[in-house]
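Shown next, in structure tokens, is the structure this report addresses.
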Amino acid sequence: MVKRQTDTIFALSTAQGKSGVAVIRISGPSSMEALRLLGVKDDISPRVAHCRLLHDSKGRLIDQAVVLYFPKPGSFTGEDVVELQVHGSRAVIRLLYEELQTFIRIAEPGEFSLRAYLNGKIDLTRAEGIADLINAETDAQLRQALAQSTGKLEKQYDQWRSILLDILTDLEACIDFPEDVDSSCVLGGIYNNIEKLCAVLGQYLNDGHRGERLRSGVRVVILGPPNAGKSTLFNSIARRNAAIVSEHPGTTRDVLEVAIDIGGYPYIVLDTAGIRESCDGIEQEGIKRAKMAAEEADIKIVMYPYETTSMQGIDPICDLQDEKTILVLSKADNVDLPESKCIDGKEFHLISVHQDRGIGKLLTLIQEKSRDSFPQEGDVFITSQRHRSHLQKALQVVDAVSKVMPIEIVAEHLRIAAYELGRVTGAVSGDDILDDIFSKFCIGK
């Protein structure tokens, strides 16, 4: 995909399906010729909305459209761009696609954003931020995506790379012009700056993966013995019948998950098989998967029936003392009791799904337990494993620098670190990286 940048492309930039308005974007050197193909013969002023009739090759009317023209380089892609705002009818879209495909080609996923990157309109972190913005489902995800798509990460990473390149410039002056430079003084400053940068990068990487967790959601697993009410709670949180509920123990065999929004933050809630001793092979596999889900979860909700009076002789399922574990007694129906109950020195939260009691408090507890799992608003955090990998490599090579190294070797370490930081923003890149990033975009972006 990276190599084909001289032709003209088009795609639907709005969602598929019926809608009041649909936008078709055209980008490339033949954008205006494509518009002429649709019967628009008069001049179109840049950045001015024009109402025009679009026709097929036989002169038959397709639709009345609002036409916008953005000449290069002042467009999103940096190329000549035409946007057609038409009625969101499947028939209209199909006819326009049929006409345009005779002259230009359909864009590949993410190709508009790729061209924007290749033409210097955005860096890779901004491009990834655009993808996150499109996929954002909660307020917090939206805020993080907006910060990234408007250049906060780019500014941070470029600043660190600039520091490295400045250090490298001073170091190369010592190498190339030793007679003109007070090497001992300059090298002292260089090593001091390297040490400071290592500390900053190390602190930045030691972030608890908050940025990535905000993208993917905090994982909350519901655990407990069979018939503890796990699936009933799961359905209540999901606000739909996502899991089968039955009086027969062992109904849930596989791990089910649903994405929810709690207070503007993303969570993935998982329902699991009841954990008990079983000779049934399928149930054993479900129990195995439940335990694996527990190991990977950020928060565990451990449920027991309300009738439970002691934990003695009961398989604890997981570490009940873990600060990320919430203990719950379910089926507390028709009982006039406080919100919690103490059993063997452990506090259990009481819920009744059927009477809608305690669910709101449980969601509040989940929020409190996950408060430090998300970045604070305004913070600039690592948002993907790709970023983290390059930053870790940069820190690794810079941290390996020592004063006993020949300065030529130190310079090479700094070059590698600058290269790794450049890979994050795309200041240096390879086709494999670009294809991997932009292929995850939707067609019209």
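For all residues, glycine too, the Cβ spot is worked out from N, Cα and C.
Swiss-Prot has this to say about the protein:
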{"type": "BINDING", "residues": "Arg25, Glu83, Lys121, Lys445", "note": "(6S)-5-formyl-5,6,7,8-tetrahydrofolate binding site"}
{"type": "DOMAIN", "residues": "217-371", "note": "domain 'TrmE-type G'"}
{"type": "BINDING", "residues": "227-232, 246-252, 271-274", "note": "GTP binding site"}
{"type": "BINDING", "residues": "Ser231, Thr252", "note": "Mg(2+) binding site"}
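Look at Arg25 ((6S)-5-formyl-5,6,7,8-tetrahydrofolate binding site): DSSP puts it in a strand. Comparing Cα positions, Asn227 (GTP binding site) lies closest to Arg25 out of the binding-site residues Arg25, Glu83, Lys121. Spacing of Glu83 ((6S)-5-formyl-5,6,7,8-tetrahydrofolate binding site) relative to Lys230 (GTP binding site) is 50 Å (Cα to Cα, whole number). DSSP assigns Asn227 (GTP binding site) to coil in the three-state reduction, placing it in neither a helix nor a strand. For the binding-site residues Arg25, Lys121, Asn227, Ser231, Ala273, counting C-beta atoms within 10 A of each C-beta gives the highest total at Ala273. Ala273 (GTP binding site) carries neither a helix nor a strand DSSP state and counts as coil.
Straight-line distance linking the Cα atoms of Lys121 ((6S)-5-formyl-5,6,7,8-tetrahydrofolate binding site) and Ser231 (Mg(2+) binding site), rounded to a whole number, equals 49 Å. Arg25 ((6S)-5-formyl-5,6,7,8-tetrahydrofolate binding site) is 48 Å away from Lys230 (GTP binding site) when you measure Cα to Cα. Per-residue pLDDT, averaged across the domain 'TrmE-type G' (217-371), gives 81. Cα of Arg25 ((6S)-5-formyl-5,6,7,8-tetrahydrofolate binding site) to Cα of Ser231 (Mg(2+) binding site): a span of 45 Å. DSSP classifies Glu83 ((6S)-5-formyl-5,6,7,8-tetrahydrofolate binding site) as strand under the three-state reduction.
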